[in-house]
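Asker: Structure provided below as structure tokens; questions to follow.
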Amino acid sequence: MAGFEGVVVSDPSLHNQFTQVELRSLKSQFLSMRTSSGGGDGGPLTVRDLSVAMSKLKIAGDGLSEDERAVLLGESFPDLDHQVDFELFLRVYLKMQGRVGAKNSSSAFLKAATTTLLHTISESEKSSYVSHINSYLGEDPFLKKYLPIDPMTNDLFEISKDGVLLCKLINIAAPGTIDERAINTKRELNPWEKNENHTLCLHSAKAIGCTLVNIGTQDLAEGRPHLVLGLISQIIKIQLLADVNLKKTPQLVELIGDSKDVEELMSLSPEKILLRWMNFQLKKGGFRRLITNFSSDVKDGEAYACLLNVLAPEYSRKPYPSTVKELLERAKLVLEHADRMGCKRYLTPKDIVEGSPNLNLAFVAHIFQKRNGLSSQMKQITFLEANSDDPQVSREERAFRLWINSLGIPTYINNVFEDLRTGWVLLEALDKVAPGIVCWKSANKPPIKMPFKKVENCNQVVKIGKQLKFSLVNIAGNDIVQGNKKLILAFLWQLMRYNILQLLKNLRFHSREKEIKDVDILNWANDRVKNSGRHSRMDSFKDRSLSSGIFFLDLLSAVEPRVVNWSLVTKGERDEEKKMNASYIISVARKLGCSVFLLPEDILEVNQKMMLTLTASIMYWCLKRPITEDRTASSDGENGSSSETTSTSALDDTASESSLDDSGGR
């Protein structure tokens, strides 16, 4: 694409270990180290210097101490006085990442980055995901001419290059996330249109809970296998685990002893709930071992044989898997039993024996979808219904949860009201939004058994909130520990709003660092629409006329004239028309590159908080573009001639943004 300048590494094998996002970031860090080397006089950077320099900049993460880095360098490079160039620095970085990976080999799939240290892909996983795509998208009107995909080729990555397949897959995982009218689906897409699809895909993936690290639109355009497969893996798993929660499957209360344990179950990740469900069913079958993972614990196939026999004894056939000693043969019989139940094959006998964690998780999740073996216990389900949230609270919890997860903090949360009660996640989020503001020496890291330790964390959260001038009258740390939903949502809203206002304040367009207020965002939006020649306006962020969607469509068209297809816009008079416009607005905003986490219902009901965040996201996207690009887009209008100029403004934005931007308040 025009205007894209990549970092070039002379060794192709080394170059292929990194995305362009990673290379640009590492090049910047390398130059920073070289400038400060030699006591700050910019002298030569040697291997000996790397241990201290990389520790200070936290390069390759916090997984290695300075001493561990020094030992690794000594083992790998006999001459510690050797001068370091950028390529040697990259090799050192890979070695350190490898050592960190060896120390921290296990993590939940949703927190796993879409990148991997060694950029290789699992052929078994590729084959499984291709089969899933062929099954769920085979009849799609646009994609059916490309499907079925042959799993033995790299066609998956070629077909993904225009972004259409990935957008459609997101809608299979979370129906309605993307308004498909916003997807560019011409037979031949130009670079701008492909970039729009990739941007829409990445921002929508974040909006359903994917963790995106070091992946940008350029990586998707190039069809980089490890990144594309990593993204597809997360999307499919979100689909398969969608029902593994109390809201979708209230019968899960059968797993707990009494209503006091409901809160604990609500705080568990879908993966852990699935493990608890599996052990619950295995206990019925007299299985004595506890299954703690989807890898080594299920390799022998014994747990699967017992599980399927408990859930679907009518499909058992001789020879029974439990009577077969040879592991591959036993795994084969397990899969044949699952086939008779109507389960899709997400793995092969070899994958079971080798303990493939991703594919075993997918397999168990699909078994849960087909037949969970749970009975309805009305007393406990009635308890759940009595304690369920009203729709607006649920939507706000969802928006804040997704926003926090998009910040790139170490902890992945599954439920705002449960996962924030230790205070630790809030401290991580505060440190991301306002770097350096948290006193980590006095913070208590989970797991926390003593309640007063949680209160200490939450007291620091409230103290920092007051420093940031949040309205926290009569709020104490214990309110967060007790899971007070109203107060937690109020705090999170102020934190999100602070983040947005700081990002706008720190843009170069506001070099005087003038404080940004809500009214500034309101006035900017109205002025932008008025200057574009359109006549809609909003009097406030709770203006009921916003429910039609017309103002936001005018605003989106004002900041990028070609992005709105007006033939798809309704008058917004009837409820159905308003809903269509609201859905289209969200997808068009993401297509531009705005990180938004609201739902169409928030626009229909004019949720004041979400209206502010939507407007601010559009404002941030618009103002951060170079002025020349903004003018080009405005002058070219509908003819699309600005495409290759303006497309670079969104290039790889997703990789560097969290919420609106990963930089937080910096």
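Yeah, the Cβs are placed from backbone N, Cα and C, and that goes for glycine too.
Here's the feature list from TrEMBL:
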| type | residues | note |
| --- | --- | --- |
| DOMAIN | 123-240 | domain 'Calponin-homology (CH)' |
| DOMAIN | 268-372 | domain 'Calponin-homology (CH)' |
| DOMAIN | 394-500 | domain 'Calponin-homology (CH)' |
| DOMAIN | 515-623 | domain 'Calponin-homology (CH)' |
| REGION | 630-666 | region 'Disordered' |
| COMPBIAS | 634-666 | compositional bias 'Low complexity' |
Asker: Report the DSSP secondary-structure composition of the domain 'Calponin-homology (CH)' (268-372) as helix, strand and coil residue counts.
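Answerer: The breakdown for the domain 'Calponin-homology (CH)' (268-372) reads 69 helix, 0 strand, 36 coil.
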Asker: For the domain 'Calponin-homology (CH)' (515-623), DSSP counts of helix, strand and coil?
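Answerer: The breakdown for the domain 'Calponin-homology (CH)' (515-623) reads 71 helix, 0 strand, 38 coil.
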Asker: Per DSSP, what is the helix/strand/coil residue tally across the domain 'Calponin-homology (CH)' (394-500)?
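Answerer: Helix (H, G, I), strand (E, B), coil: 68 helix, 0 strand, 39 coil.
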